[in-house]
Amino acid sequence: MSAATRAEAAALDAADPLAHHRAAFDLPDVIYLDGNSLGPLTRAARERVATVVGEEWGEGLIRSWNTAGWVDLPTRVAAKIAPLIGAAPRDVIVTDSTSVNLFKVLSAALSEALPGRRTILSEPGNFPTDLYIAEGVAAGEGAALALSDDPLAALDESVAVLMLTEVDYRTGRRHDMARVTAAAHRVGALTVWDLAHSAGALPVDLAGAGADFAVGCGYKYLNGGPGAPAFLYVAPQHQDATQPLSGWFGHAAPFAFEPAYQPAAGIERFLTGTPSVIAMSALDAALDVFADVDLTAVAAKSAALADLMIARVDALCGDHLTLASPRSAATRGSQVSFRHPSGYPVMQALIAAGVIGDFRAPDILRFGFTPLYTRFVDVFDAVDILADILAARRWDAPQFHRRAAVT
Ligand SMILES: Cc1ncc(COP(=O)(O)O)c(C=O)c1O
Ligand SMILES: Nc1c(O)cccc1C(=O)C[C@H](N)C(=O)O
């Protein structure tokens, strides 16, 4: 499915069965192709945060832990994420950040590994926090982190845990979770999957793939807001594992205030401290947009949006940009990246012109596709604007070269 003219792109929008979901979002007047880094505000989250602050906190005060159900938020929100990732609700919990959850599940995975196995295998291109956390866990557990550009080939009987991000944050390349998990299990290794760039964007089937552990972000495709709580998944057969951040919310009876730690049964032992109620409420409300959404349709539209972008970039910007993502949607997540030697100022010029993507060092222009609110005409217009910036070298102005702290 592609469009050679703006009218054809508009016709695709007119026929789009997901188009009505755009009204659930509170979008400013920009073309937003960065929902893979920070999802936008939903109308429901805006209202819910106002209620939580004004009524539940302002009026209810401490009573709201019970009367507003604050204490159940980690499991209630998890039950909304579970169907998006192919998991049973009791195998998912919402808590902490992705990095902290990775620390917990990696440690638990090492404790579940076959005797004598102390290697965590990953890729050098994995998201840095994953590698940093694995370094920390390895140092504390007398394990080692091994990196390979071809982790499937590097899998052998020394590997305790294979830790991968399903969709690569730079290129959008997608691993075949079922195939890779099966290969890990064949050599006796466990798997830890990072779903930061998958959850809410693509159908994920953790249980079907036989994945052992997973983590993911609340603030990207799930639209939970900046710094939204993250989630983690533990397959039922590993839920007796211990995790080292043994805080009171993971205790079997937190309000018994016992001096000794006794882990809760099941997934709740992966909690640590008090949930971030305002942030978790925003995520809870934002997740309602997925209530009647078929992720297969989301992924199909995402592939069509990305294919349109690639076709238009080939046609209009081919002399300037090199595709850094798989050309085939079959091995791609919900984003497309292009290389340009001056990627940073090009992206700054594009943002100044009202098209928001992001830059990833050293030379990547990255565009995320979020089919619940992104239209075909948005992609069409974005490439026209990008082509103009490149052809006229509008990016080569001093203000676009100044680096911001956060890219
Ligand atoms: C693959 C991946 N994992 C983890 C994170 C972030 O983890 P945290 O929410 O702890 O900052 C990101 C993005 O920031 C990411 O892209
Ligand atoms: N978590 C972020 C942040 O705190 C500031 C800026 C960006 C982010 C991101 O999420 C980046 C994102 N994980 C990426 O794939 O690049």
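Note that Cβ sites are derived from N, Cα and C of the backbone, with glycine treated the same way.
Residues T98, S99, F127, P128, T129, D130, T165, D194, H197, Y219, W248 are given by TrEMBL as pyridoxal 5'-phosphate binders; from T75, T181, T274, that same site also lists T274. Cβ neighbour density within 10 Å is lowest for W248 among the binding-site residues F127, W248. Across the structure, T98 (pyridoxal 5'-phosphate binding site) and K220 (N6-(pyridoxal phosphate)lysine) place their CA atoms 12 angstrom apart. When each of the binding-site residues T98, T129, T165 is scored by how many other Cβ atoms sit within 10 Å of its Cβ, T129 comes out lowest.
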